[in-house]
Amino acid sequence: MLTRVLKFDALLCAVFGVLLAVAAGPVADLFGLPVPFVRWTGIILLPLGAFIGFVATRPQHPRGAVWTIVALNALWAVDSVVLLFTGWIDPNVFGVVFIVAQALLVAAVAEMQVIGLRRVNRVLA
């Protein structure tokens, strides 16, 4: 399970990273977000996805690396929602829905990674 969840996470980061970095203008217009914010979000996702993909393809997933990924995902989810209340961005309704939806998805992925780690621990115990 853990390998599949990590690969899914890496794929999400790669797909959204490319989409946000390459199509920052149209995405920003659709969601009422600043273009540099969208572009840099995409750029940040690319090396993150590469790191997660690297961890996902190891024969044994380094626990510290997986816990780092879980922490980054949790931080991403919380910060996404907090960002809506800071006034730093002013998304339209589509932007708010997108930000909340992706925060929930990222939180769910983090939870599945924790469950996967626990299953690995039970097998090793």
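The backbone N, Cα and C atoms fix where each Cβ goes, and this holds for glycine too.
Beyond the transmembrane segment (40-57), the same-chain residues lying 6 or more positions past its ends with a Cβ under 8 Å from any Cβ of the stretch are 3, 6-7, 9-14, 16-22, 24, 65-66, 69, 72. Taken from TrEMBL, the feature transmembrane segment applies to 40-57 (among others).
Annotation comment: TrEMBL describes 64-89 (among others) as transmembrane segment.
According to TrEMBL, the feature transmembrane segment maps to 95-117 (among others). For the transmembrane segment (95-117), the list of distant contacts is 1-3, 5-6, 8-9, 12, 16, 30-33, 63, 66-67, 69-70, 73-74, 76-78, 80-81, 83-84, 89: same-chain residues at least six beyond its ends, Cβ to Cβ under 8 Å.
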